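Contents: one structure, followed by commentary.
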Amino acid sequence: MTSPASRIFCAVDTTEIDSARRTAAQVNGAVGGIKLGLEFFIAQGPAGVRAVIGENGPPLFLDLKLHDIPNTVASGIRSALPLKPAFMTIHASGGGAMMRAAADAAAEGGAERPKILAVTVLTSLDEDDLRGVGQALPVADQVTRLALLAKESGVDGVVCSPAEVARLRAACGPDFILMVPGIRPVWSATNDQKRFMTPAEAVAAGADHLVIGRPITASADPAAAARRIVAEIEEAA
Ligand SMILES: O=c1ccn([C@@H]2O[C@H](COP(=O)(O)O)[C@@H](O)[C@H]2O)c(=O)[nH]1
């Protein structure tokens, strides 16, 4: 069975190399990998990613959420292959052809290819937000629709909120990867997340990986916060 700590990617959301390196060092061993996203990549680029992860560093989740025409997204994935990320993201709403192009480009990485995950509906959005952008379906239906399209298009899994995990596990099967942000221990602020659950609830529902940022990184002791989360998952199991 996968250990709770190894399921967690710590979202290191900063523009600064020193800060990212410090956080990555603090949580080393307490989580399974490091997620670097847009703000870090725009500020520091591939060299910054290398400076944080190093040669034999922790698994890297490069969360760039690509969303463009198929050719451009495929080129973006291809450009990131030398960084050997374990996971990369695209937006499922970019459509089937775009997702297929991303999966094909990732396959060029061979045995060390990144797994491609399609973001369904951002965890910061709720029903009202979807209506605001012209999406009439309930959130869970829209997430399921995008996840099924992602699976059909050959990507490895999706990013979804904990609230949709059980439903997607049933709809997409045991091997489809469910990467789950919107994780909030009861002792943590909810911030801008609207569809969230506790770490233990997300794991119980069937999440493969948890993405956890501020509950760990905003803590005075990030390693202790990560260990507390792991203990809560273990106690609930
Ligand atoms: O739907 C999504 C997709 C990605 N994220 C990312 O996860 C982390 C969450 O950080 P917290 O501090 O735990 O809120 C962040 O990097 C987001 O870009 C997401 O939250 N929701």
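Placement of Cβ uses the backbone N, Cα and C atoms for every residue, glycine included.
Bear in mind that TrEMBL entries carry predicted annotations, made automatically and left uncurated.
Features of the protein shown, as given by TrEMBL:
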- ASP63: active site, for OMPdecase activity (ACT_SITE)
- LYS65: active site, proton donor (ACT_SITE)
- LYS65: active site, for OMPdecase activity (ACT_SITE)
- ASP68: active site, for OMPdecase activity (ACT_SITE)
- ASP13, LYS35, 63-72, THR123, ARG184, GLN193, 213-214: substrate binding site (BINDING)
- 7-229: domain 'Orotidine 5'-phosphate decarboxylase' (DOMAIN)
- Proximal but sequence-remote residues of the same chain as LEU64 (substrate binding site) (Cβ under 8 Å, at least 6 apart): GLY37, LEU38, PHE41, GLY76, ALA80, MET88, THR89
- Quick one: of the recorded positions ASP13, LEU64, LYS65, HIS67, PRO70, flag those whose CB is under 6 Å from ligand 1, and say none if nothing qualifies. ASP13
- Task: Return the member of ASP63, LYS65, ASP68 nearest to GLY213 (substrate binding site) in space, with distance defined Cα to Cα and candidates limited to these active-site residues.
- Result: ASP63
- Of all the active-site residues given, ASP63, ASP68, which has the fewest Cβ neighbours within 10 Å once its own Cβ is left out? ASP68
- Message: At a 10 Å cut-off from the C-beta of THR123 (substrate binding site), count the other C-beta atoms across all protein chains.
- Response: 24
- Message: Just to confirm: which same-chain residues, 6+ apart in sequence, have a Cβ under 8 Å from the Cβ of HIS67 (substrate binding site)?
- Response: VAL73, ILE90, HIS91, SER93, GLY94, MET98
- Task: Please report the number of other Cβ atoms within 10 Å of the Cβ of PRO70 (substrate binding site).
- Result: 18
- Message: According to DSSP, collapsed to three classes, what secondary structure does PRO70 (substrate binding site) have?
- Response: helix
- Note on the structure: Spacing of the two Cα atoms, THR123 (substrate binding site) and LYS65 (active site, proton donor), in whole angstrom, works out to 13
- What is the total of other Cβ atoms whose distance to the Cβ of ASP13 (substrate binding site) is within 10 Å? 19
- Task: Express the distance between the Cα positions of the residue listed as 'active site, proton donor' and ASP13 (substrate binding site) as a whole number of Å.
- Result: 14
